[in-house]
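Peer 1: Got a structure here, written out as structure tokens. Questions coming.
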Amino acid sequence: MIKKIIVVVAFMLTGFSLTAMSASAEEITDLFLQKEVTYSGVEGGKIGENWKYPQFVGEKAVDGDETTRWSADKQDEQWLIVDLGEVKNIGELVLQLHAESPVYEILVSTDGESYQSIFKEENGKGGQPTKKYIDGNNVQARFVKYQQMKMWQHTNKQFYSSSIISFEAYEKKRLPEAIKLLTENLTISEKRKQQLAFEVSPAGVDITEDQIEWSSSDPTIVTVDQTGNLTAVKSGEAKVTVKIKGTEISDTIPVTVVAENKQYAEMRAKWKMRLLGTTQYDNDADVQQYRAQIATESLALWQTLNQAADREYLWERKPSDTVSADYTTQFTNIKKLALGYYEPSSELFEKPEVYDAIVKGIEFMIDTKKYNGTYYTGNWWDWQIGSAQPLTDTLILLHDDLLNTDAEKLNKFTAPLMLYAKDPNIQWPIYRATGANLTDISITVLGTGLLLEDNQRLVQVQEAVPSVLKSVSSGDGLYPDGSLIQHGYFPYNGSYGNELLKGFGRIQTILQGSDWEMNDPNISNLFNVVDKGYLQLMVNGKMPSMVSGRSISRAPETNPFTTEFESGKETIANLTLIAKFAPENLRNDIYTSIQTWLQQSGSYYHFFKKPRDFEALIDLKNVVNSASPAQATPMQSLNVYGSMDRVLQKNNEYAVGISMYSQRVGNYEFGNTENKKGWHTADGMLYLYNQDFAQFDEGYWATIDPYRLPGTTVDTRELANGAYTGKRSPQSWVGGSNNGQVASIGMFLDKSNEGMNLVAKKSWFLLDGQIINLGSGITGTTDASIETILDNRMIHPQEVKLNQGSDKDNSWISLSAANPLNNIGYVFPNSMNTLDVQIEERSGRYGDINEYFVNDKTYTNTFAKISKNYGKTVENGTYEYLTVVGKTNEEIAALSKNKGYTVLENTANLQAIEAGNYVMMNTWNNDQEIAGLYAYDPMSVISEKIDNGVYRLTLANPLQNNASVSIEFDKGILEVVAADPEISVDQNIITLNSAGLNGSSRSIIVKTTPEVTKEALEKLIQEQKEHQEKDYTASSWKVYSEALKQAQTVADQTTATQAEVDQAETELRSAVKQLVKVPTKEVDKTNLLKIIKENEKHQEKDYTASSWKVYSEALKQAQTVADQTTATQAEVDQAEAKLRSAVKQLVKVPTKEVDKTNLLKIIKENEKHQEKDYTASSWKVYSEALKQAQTVADQTTATQAEVDQAETELRSAVKQLVKVPTKEVDKTNLLKIIKENEKHQEKDYTASSWKVYSEALKQAQTVADQTTATQAEVDQAEAKLRSAVKRLTLKNSGENKKEQKNGGNNGHLNTSTGVDQTGTKQVKPSSQGGFRKASQFLPSTGEKKSIALVIIGLLVIASGCLLVFRKSKSKK
């Protein structure tokens, strides 16, 4: 492609005017195009004689192709020289950079030896794309050199060099061809002002303010000054023109001035209500708490605001903030300060000095910090969204005050926003905005439109925003199955999707009822995603981590999207927005879902605490108050989200999610130093949700072993932070079939493009109550280990116990919890019993996985890890295990004997199971056959028998290649009862046309030749065991026995027809009816009935247990025989004799009175003792003995021996009581120094010295308040406080001590047995196979005295903490 610039009109610059030179077109060609270049290096360097990355060589900078680039080597000093072949006049240079260096210059030479600089950049936007137009000043040169002096640093801490898309040169400097106002027509209210902006073409031509002329056709209606600031004087129409002086180049727009449009005031009022709330719930505790939060936060910001005349910042920059992130923080702080100014309960309410500080703060950010609409560095998001939105909110709050007192300031403050958010479709600096980014930018465009009452800005929003509602089949956007993708191929319902909901919801609710309301039919796509991708996706009010991308690595309360509950709270706020304009049925579903989630999570999470704004809080209150909690109904759902390789099944007991990736979907996103260890989060990770709400929530991602995530098959080799981020798999077989009740899910795991050679075929068969996990074809080598992680579950050791058992075929492990609903069982064949089971304690910080959104907290969690280790090398490895939830150990043991399913095949070609009426299969290759199903293509199939001869078959094409896939059914299809339109039938072959289905399933119901059913015949044969030949006449028995023999023959025949079966059943029933019994002598039951009657008087309480058992069994048998019409005389006589014998052996319980006098007396005497007076160990023995004594005393059936034993044990327990020493402790000096140092104030001292002092003072006060503190503790607290006082340093003393932060260390739970080198407890198989009992891994108890001392210490600490808590509470 030849690069040319067509100049329509050329001008010569004279002073501050432009003089026309020519009206004819002149063609100017790029002098550098295809010229010879030399350069210092290429990214990646050389391998032998060749560049590692030939696509980045220097020639690409002058090849005329804007899709190629030169990428310099990673060194500070890098250069590229273009040889023109001869000396040329250079009027202008154009440098288009893919990534700009911080420091570089352009030099020229005529001989290639001596160079002179004509341009130098010393403040380049490191790493950002940019285009520079450089004045050549008609210099004469043959050689032009680009010289980089400094690399730029990425947020991943790596350094990179320049990357040049194109380097161009032209003989003549380009002059303006056209000028265009950015507003095509303007409607403005009376007395309003607006700053007009323009652009000159071609891009890069510099025009100064002095060269521009502004004019109005009617100054009585509109005036415009020479900076383009327009004022609406009165109603009417006029035209405003901008012109380049000395030329005919100009642009004119019509301006209509109208009386104030009340719609603008109404929309600003809606916006303001979101920020300041209403009086509707002023008596509500949560609303009052939020108002108090606003007041507290704003006061703290007011007290820390830097108001110095020569200030360089408003608030000190947070350590974790980048330069650009600090802008977002500063504008957010200004907004919070403004909220305090307008909040009636705040100390800052309507204080003039606060208002003045807010206005001056905004001016400081625009004038001094250059938030001016053109400057930016670092992350584009902070400029266009992060800073723009809180500034817009602030200006909405200030609007009325600014308009009445200083309208010029309103225009000035809005002007940068008009440039940063010029158009909803433009993402800085040169990209097209999509999805959530578009709606976020649109919020600022809408806000500025409302601030300036600019119709065109609202039209921009009205036209641009509905584009996010379109249903897409690739890239960013909404998908028909409920998926939401951002950044091209990452699942993001959780964060970016939520931002889209919020952005669209806020915009639509503000525009609703106005002239600019959005009425786009594609809004139905949004409602569909809200239903499938939010209501059906969320679990217990939590947004699953598997759809939240890199936001899972953020510390709580550092961002709206952090933990699953925090993201869930943000989602609920957004759903309440959508409900305001949703169809009634969806609105009802939203309300029911929210009520259900709040009910499910109970008191574990407070959804009303720290809302994002008043609107979110009030809307949630409205939902809760709209109906009774009884309406809350858990939603059951099963979704295969083929467009984002995610699966979620929800039922009443649990939910399970599966996270995968493929050729279509990325493995994980790492960016801005976030999610540094997300390597394996899509390698088939399984999320099992029950009533354990802490699972996958706060602290989980900071402590979980990132190499061993539940459900994954992994190569555990060490990986660098962010390694292989954004990789898509070489394989596309990921997904599965789903009939709404069960699902057959599979993943072809292939790590070959991530520095590993591991491959595996993984399947999950999701039944109602069972998860069947199969793996096959596991092949790979590593210098670490290859493992399958059955689970790695965060547990509470004091609540969860590890159990195990085995049967002849299968073994099992369970995690039994305090809440039985949280029990989890794992059943696996004995071939899998070489499992590693570990209880592991791990510590970590969010700073370990994210450097952007962090807190200071170190988390420590315990994990139960169950894994199969294949070693360093594995070929065609497999696994099989069943996961169940909410089952007792007895139920899990029973499952190990009868799992309820059969694995039909588990190979690299086919994985299939049969369970009840289902056959489920994932075929990885062509031509696979199992259980009467022949799959011609790789596919996923569920066959369900719904009646005799009636089947529902569900098919899916997980390859998503739009091809047709077929299966042959051996039953012989007689009729198609129902079928989705994408399914066709040809004889017994069923074909799915998968084009456009994105992996989703389709079903068909067919009738086949009915199967021969023998159940009734087999049952009838079984019932005949009671008949005996001696009881019937010979002739009737002959007919019967022949019919029975024939029935058995038919039952055993595999080829018998249904007619033969039915005939055999009929003949056998007839033969049974004709049986004639041999006459029998009348049986006499008189004596039996008499003895039964005589012995009904006996009562169990009067006899010993053993004698009563014999008697009661004999009586029961006698009654049974007496009731039988077929009992023989021998049976009657035997029952009578047995009962008489049982009556004789009855032994009466002794009736001697038990004496409890002494026991009751000693219980009474010892009620005076109090726990606080005795050591913990002695009190434990005493309290248990006292409890047992009281139990025996209360028992009416206690024997004298039991009473005497209880008395003896209690007396012994009383004697061993050990009193706590009561020596008086002297706290005089400690209390004195505390009193003397209450005068100090934090503002007078350096932060580091104050921290040491305040902690010492706090500890001293704690010890002083403790009634159980020892003299040593008192003395130590006093010494520590005296030392801290001495070290206090005044702020003006010049000392600047660096504060150190201590990081957390990963810890492991050590036990007395089975500890490996990492400090984790190994639960290994015993020599007999299976596992040792959990009790074998209990730690050694040590001496009783040591335990006692530990308990005493813990009690002292706990008492102190309680006193401190009460004291701090009273101070508040």
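Including glycine, each Cβ sits where the backbone N, Cα and C put it.
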Peer 1: Can you check which of 188-192, 233-237, 1338-1342 Swiss-Prot lists as motif 'LPXTG sorting signal'?
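Peer 2: Spelled out, Swiss-Prot records motif 'LPXTG sorting signal' over residues 1338-1342, not the other listed ranges.
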Peer 1: Rounded to the nearest Å, what's the C-alpha distance separating H487 (active site) and Y496 (active site)? Just drop the number here, would you?
Peer 2: 9
Peer 1: Is it possible to get the count of other C-beta atoms within 10 angstroms of the C-beta of H487 (active site)?
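Peer 2: For H487 (active site), the count of other Cβ atoms within 10 Å is 18.
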Peer 1: In sequence order, which same-chain residues at least six apart have a C-beta under 8 angstroms from R550 (active site)?
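Peer 2: Looking at Cβ-Cβ distances below 8 Å from R550 (active site), excluding near sequence neighbours, one finds Y668, E669, F670, G671, N672, E674, N675, G678, N850.
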Peer 1: For Y496 (active site), what residues in its own chain, 6 or more apart in sequence, show a Cβ-Cβ distance under 8 Å?
Peer 2: G435, A436, N437, L484, Q486, H487, G549
Peer 1: Give me the DSSP three-state residue breakdown of the domain 'F5/8 type C' (63-172), ordered helix, strand, coil.
Peer 2: 0 helix, 72 strand, 38 coil
Peer 1: Across the whole of the domain 'F5/8 type C' (63-172), what does the mean pLDDT come to? Round it, please.
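Peer 2: Here the mean pLDDT over the domain 'F5/8 type C' (63-172) amounts to 93.
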Peer 1: For H487 (active site), just give me the three-state DSSP call.
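Peer 2: Going by the DSSP assignment, H487 (active site) belongs to neither helix nor strand, so it counts as coil.
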